[in-house]
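Notes follow once the structure below has been shown.
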Amino acid sequence: MTARFNPLEADAHWQKVWEERGTFHTSDSSGRPKTYVLEMFPYPSGRIHMGHVRNYTMGDVLARYRRMNGFEVLHPMGWDAFGMPAENAAMEKKVHPGAWTRSNIATMRGQLKRLGFALDWSREFATCDPEYYGHEQALFLDLLEAGLVYRKQSEVNWDPVDMTVLANEQVIDGKGWRSGAAVERRKLSQWFLKITDFAEELLEGLGELDQWPDKVRLMQENWIGKSQGMRFRFALEQPIGGHRDLEVFTTRPDTIFGASFAAVAADHPIALTLAEGNEALVAFIAECKAGGTTAAELETAEKKGFETGLRVVHPLDPNWTLPLYVANFVLMDYGTGAVFGVPAHDQRDFEFATKYRLPIRRVVAPAIEDADLPIGGEAETGPGVIVNSRFLDGLDVEAAKAAVIARAEAESWGEGTIVWRLRDWGVSRQRYWGTPIPVIHCESCGPVGVPKDQLPVLLPEDVSFDIPGNPLDRHPSWNSAICPRCGAPGRRETDTLDTFVDSSWYFIRFASQPTDKPFDRAIAESWLPVNQYIGGVEHAILHLLYARFWTRALKRIGLLDIEEPFRGLFTQGMVTHETFRAPDGRWLSPDEVEQKGGTWIESATGQPAQPGRVEKMSKSKRNTVDPEPIVNQYGADAVRWFMLSDSPPERDLPWSEAGIEGAWRFVQRLWRMSMQRAEDGDEAEGEDKALDRKLHQTIASVGANIESLAFNKAVANIYELANAIEKAPVSRSRAKAIETLVLLIAPMVPHLAEQAWATLGGKGLIADARWPEADPALLVEDEVTIAIQVNGKLRDTLTVPKGSARETLQEMALASERVVRILEGKPPRKVIVVPDRLVNLVA
RNA sequence: GCGGACGUGGCGAAACCGGUAGACGCAGCAGACUUAAAAUCUGUUUUCCGAAAGGGAGUGCGGGUUCGAGUCCCGCCGUCCGCACCA
């Protein structure tokens, strides 16, 4: 009996061979067709988790498959290495963020290599390498020069105890997540990228991304949020503090005659002007700002307003004035920060008007004669005919919109316009562990870009996190600099770039990494766009949108002629696991519980344990499984196989002990099969047509399923073939089937495949072998089983030669014993024959 | 509230364009091999009636279109995801 497959030896051996031979080094100039397979690079948090294993296994299968199909495959790996966790670790464990990050990278690199991924490690980099972020600084300066970067005051969440800026996710119930101190809002001058300049093309571009999930395209579309409408001005009855009119935005200019009030946001300039010396208004504004922004709070938040006493003049009737409110539901950063209210046809306005007893006037009705129909308990937002609206009466909604815009433009009190939900991208972060923004602030010249020959602006190493705040701010020397323009002493910008900037162009740097510039244009263009990008849905909006923007910005400034960075996108599901809780609410790890007599108990205490839902692996729920010991126990191939099996890749994959054991058993079974082939030698004789067919059908379907990333189906195809081979008697066909099976599994379980390939006398490495070709002649069956139905119910089946004539099928169906019995001798009223499929007899 | 996806055995799931529902895997059950266990192999496994032959029901629920519906249409219910006072 042959020995078992020993994954520990085989994994190490073949990984060494691949590395020594440079098997996965990608050539820029091989002449083979190029393809770029990329998985989202990891943040070096410490250790690889199962989600990484799944993500990188999928990409690896595709990369290896494409290699076997003759492609030069770019399949790189690197590290998204800047970010807050490194600073948190620095504060907690007194280690330097850089040292922490690099040690994590070393660990995780080893863990990834242990899985045998076909990666070109020679292209590896971390975004915290000065060689990387220095080029990023150069690109930032190019964008600055092109006018795509600007500076403006913006509010941040400020933690007064930690003296630091908090991201929105770090603010919990209005308090800093770490300090617990009440968070303040502070205005800081910050850098912004003009992503809104690209709103239209980013939206349009989505239309061409036919290899992206619809869901992601829709999410981006909603995020960009294009609204067509009209901007127009109400005259203020009396000017106040230099304000003569109030500009509002609406998507419903057709309802202009239904207006009952106007309202501005709490931080609107008019509100702020009025607040001077008005304590009640100051208090109201403060109240608006204090309001929470969580979903639940907004859901129930009452519409509140402060009547200013000012009145605005209706643009279509100088004798018609409306009260002006400051209202808590008006947002300063959308549209113009001011609205006019039409209670009959907008739900918020309806609630507001009800509360403040403002008129609710119908201006849209089901029909022209319904003009006096009362408005019920809620606003009517649907289509209809315009009524009570003077020159608009009788028009439909769309026509009325056009008519109002035309009139406003003619009389120049307003104009048709488009408003976007998308805001410019604030990239300043008041943190140490990020790319320094390459700017020097000079008293006389203002902010000046650091000259490119002085790049990179290196992060200083000698920093401490003993005191709260950004260590760059208080660094004794780093932050003083000479103004590159006038030579006067200036101050270095101490903000660093959002880490999303780092991940907005890393895929370009993977394609080409010269030392003297961010990338070589021709080489980058030869690889881009990425043919298949794979990662989690959590990046569906921000990362993917920013990368699309960055790529287009590079095109606009003439650095790269690529519009869309990712041709194909696939968002994979999470790896989930069971959860358990003790009676006192503690989360229990699945290793800490066992099943006894149908109920779960905590092994250590014997206390009952409550099984919860199967959820995403997370430390807080204590349901994580560390891949490393699993890989060491079962080998890389079994883990890879399990990651691909059963669940469709876009759906969640429930981790289970039984699942990984099943994968292990199958790996061993594949091994036994190939060893049996080796023992049988070349003596086997005879053809097995049925097995030949099965083999070629499997070749075709496994290939198609890998191409469409339906790995679970490819896995099922392979199981079927393996079952068929084991049932088949020894023959030349069977020998060939086993040899081919080894090729088919090579992308998925590469170590086993190499070992089997070598044992069976394959030439070179299986990683370099050609994917087998399916013989079209063998893809079609010569016999088919057709269904015999009576009234659509299956009653019998017939096995007939493929392509049998309709008449023959009908005759055979009518002759079937069961059919005869059911029809009781009566002829059918109607017969439907679908050749090679079925006969349906209608009684 | 708006937008979207999904609902198939005990479980993960298949089912191309409307044509034999449940491929494949997991778990279970029965058996073989073994002193025993592990490993391996064989059979079985949607459900109900029946000893069997056979028959009924069945893809969240209710309708509809069709010779025929998991698949198409209408209306519900449920779960999950995204956005959210967006004018």
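The count begins at 1 with the first shown residue.
Each Cβ is built from the backbone N, Cα and C atoms, and glycine gets one as well.
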According to TrEMBL, which stretch among A:581-585, A:616-620, A:731-735 corresponds to the feature motif ''KMSKS' region'?
A:616-620
Which one of these stretches, A:42-52, A:207-217, A:592-602, shows up in TrEMBL as motif ''HIGH' region'?
A:42-52
Looking only at the domain 'Methionyl/Leucyl tRNA synthetase' (A:39-171), what are its DSSP counts of helix, strand and coil residues?
69 helix, 21 strand, 43 coil
Summarise the model's confidence over the domain 'Aminoacyl-tRNA synthetase class Ia' (A:615-655) as a mean pLDDT value.
93
Write out how many residues of the domain 'Aminoacyl-tRNA synthetase class Ia' (A:615-655) are helix, how many strand and how many coil, based on DSSP.
17 helix, 4 strand, 20 coil
My understanding is the cutoff is Cβ-Cβ under 8 Å with a sequence separation of 6 or more in the same chain; which residues meet that for A:LYS619 (ATP binding site)?
none
